[in-house]
Every structure is written in structure tokens, then in C-alpha cells.
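Inspection log for the structure reproduced underneath, given as C-alpha cells.
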Amino acid sequence: MPKSSLAIIDRIGDPVIQAVLTFGGAVLIICLAKVINLTGLMDVPQRFPWMAAASFMLVFAMGNSIYSLSCSNMLKYWGRSIYSYLGLAFLSGAAAYLFSSMSIDEAGSYRWIYIVLTIGYMVFLGMMAFMRQIVDFAQREEWNHPRIRQTKSGKRKRHGED
């Protein structure tokens, strides 16, 4: 791989960059929906900006959780990730409010969707941390082989043999 493509992949692994890219995607989709609505090609619901914001928050939650598997310092990554998620939630909510002219309460159930996404994000991060611990444990090979054990006489005994 060329050196420049590796640098891009390393930068995308930064939670702040992920949040900025995700926010940019949400604003782009919201703007495209506004243009489509203004041209009359299709009727876009007034709540669409809230749906786009929530959708991109889910994309961030999943992608960020997966990238957490490759980080070297999990606690530092988690700190940056959670702050990035909170910033993304605030900014995407503000953009949805500005484009839809509706508060989160007026938009229907999007308050609960934000809460569920936030809890889901924490669950995703927890699952990835647990998976990483399992993989690290298996790679250390500090576990005993369950099929072959030494008997008192020094002979090898297979599991199930008497």
C-alpha cells in the first residue's frame, strides 16, 4: 500500500475525524433532501433532518466501535470516542433543528431514538472491549490445552480416555 493511503486510514481511526466526517455526511444528506423538496421532485417530510441525524449517529456508533478494536490504548480511545459522540449528537441535533424548524420534542419520538442510540453505542463499545479481551487472552496462549493432559505417571492422557 502506498504511504499516503496508510496515513488516511490512520486518520480515519481518530474518533474526532470520524465524527467530523459523519456530521458532514448528515449535513450533506439533509441539504440534498432540502434541494429535492424545493425543486418539487419529491415530497420530503419535515422530520427528515432528524431521521438523517439519527441515522448518521448510528453509522458513527457502529464504525467507531469497530475501529476501537484496532486502537493501542483503549481508555484514551474511549474518552475521545465518547466526547466525539456527544459532540456529534449535539451538532447533528442542532443542524436538524435548523433545517426542520422543529425541536426534538416536536419531531415526535426522536428524543427516545437519541436515547436508544446512546445506550446502544455504549453497548457496542462494551461488546468490542469484551471481544478484544477474549482475543488478547487467546493470543497470549496462557490457557491449558483442554484435550491433552498429563497424568501422574507422566503419560499423556486424552480427554475422555480412562
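Here the Cβ of each residue, glycine as well, is placed from N, Cα and C on the backbone.
Taken verbatim from TrEMBL:
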- 12-36: transmembrane segment (TRANSMEM)
- 48-70: transmembrane segment (TRANSMEM)
- 82-100: transmembrane segment (TRANSMEM)
- 112-131: transmembrane segment (TRANSMEM)
- Task: Answer yes if the transmembrane segment (112-131) and the transmembrane segment (48-70) have at least three CB pairs under 8 Å among residue pairs 6 or more apart in sequence, and no otherwise.
- Result: yes
- Query: Short question: which residues 6 or more past the ends of the transmembrane segment (12-36) have a Cβ under 8 Å from it?
  - Reply: 42, 44, 48-49, 52-53, 55-57, 59-60, 63-64, 67, 70-71, 77, 80-81, 83-85, 87-88, 91-92, 95-96, 99
